[in-house]
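Please read the structure below before turning to the comments.
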Amino acid sequence: MDFGDSRRKPNVVGKFTVAVALTVMCIIVLKQSPGFTSTSVFSRHEIGVTHVLVTGGAGYIGSHATLRLLRDNYRVTIVDNLSRGNMGAVRVLQRLFPEPGRLQFIYADLGDAKAVNKIFSENAFDAVMHFAAVAYVGESTLEPLRYYHNITSNTLTVLEAMAAYNVKTLIYSSTCATYGEPDTMPITEATPQNPINPYGKAKKMAEDIILDFSKRSEMAVMILRYFNVIGSDPGGRLGEAPRPELREHGRISGACFDAALGIIPGLKVRGTDYPTADGTCIRDYIDVTDLVDAHVKALDKAQPGKVGIYNVGTGHGRSVKEFVEACKSATGASIKVSFLTRRPGDYAEVYSDPSKIHDELNWTARYIDLRESLSTAWKWQKAHPNGYGSA
């Protein structure tokens, strides 16, 4: 018995020694690997590298902004709770930019202040592009408290975290809905803000918070008030894919494509009694590629202690009926159109004067052909009938 035990003990010791040796070797190999560091590259500032936090980066506009930032060699962290965004869009971006230190995704809700502060404490951000928001006018009239919480309160949470962790640049995604229904057109940045729906009111409150804070801060602030967004990535990599339950609140382009694909029986145009030439609303439709370009130019031009406020639009108003005809032409589909009563909270006419952003940021909308923008978006929709689920 003693003899047997004495033979087993060295064997056990030997195995233990080998295991320790292998563990040490693995640690050495990992430490020598270029992808292994004791702290993430996202947690430290690097000379020549600008790290941008993109809130809502899994959404339609945020994902397109992330694509442009990555293409321009920015480091990007996306924070999104995926309530309106798509993980599929994030995966597309991850496949396009797989290199370490380029892109990270963090699942979090901006309504959770502890989570937001943890994110800021663990990452070295140089700037924030704040897109995350619920953004449907009709829905805002049905769920106003949700909009004030999601837009106004969450913006305050982000701003407080930026102040606490010394993040000095904010590019804020605002909206022409803050103007309401002005007496004169086109809308300039000096046009009085009198929003008429909870979406516009919540955005204006968020703007006011940012502006009040900026008065006693060296933060560089850019507020972009943009108009009706259409189009998609010309390279066909990203598109708009709202959740099925949100389609009734979505953009007119999405409804038009759904009708062309046969997902819905036809297109519903709400309101034909507006005081416009053909009775339908007039809007300024801005291509998402141009919109993203405005954000990047704003980031580049942002100055410490300064606030820039800009309208982002084409400067041309198009009626809903004009839009529908352009959509029919782009899709080649025979789309049934039903005319219904007005949607609560909508306004008759709104289009921009983009002179200020042209003069100060050297930005001009380039994708101004309505049919071409819709054709680009239609190609993505046809290739992805189930959104990113068919990617």
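Note: Cβ is positioned from N, Cα and C throughout, glycine not excepted.
Annotated active site, proton acceptor per Swiss-Prot: TYR199, in sequence order, evidence recorded as similarity to another entry. The NAD(+) binding site annotation in Swiss-Prot covers 51-82, and the record cites similarity to another entry as its basis. Look at Swiss-Prot and you will find 1-9 tagged as topological domain 'Cytoplasmic', backed by sequence analysis. The topological domain 'Lumenal' annotation in Swiss-Prot covers 31-391. Sequence annotations record features per position, and here Swiss-Prot assigns transmembrane segment to 10-30.
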Rounded distance in angstrom between the Cα atoms of SER63 (NAD(+) binding site) and TYR199 (active site, proton acceptor): 21
Spatial separation of GLY59 (NAD(+) binding site) from the residue listed as 'active site, proton acceptor' - C-alpha basis, Å: 17
Cβ neighbour count within 10 Å of LEU67 (NAD(+) binding site): 23
Which of THR55, SER63, all binding-site residues, has a Cβ with the fewest other Cβ atoms inside 10 Å: THR55
Packing count at ARG71 (NAD(+) binding site) (other Cβ atoms within 10 Å of its Cβ): 12
Local confidence of the topological domain 'Cytoplasmic' (1-9) - pLDDT mean: 40
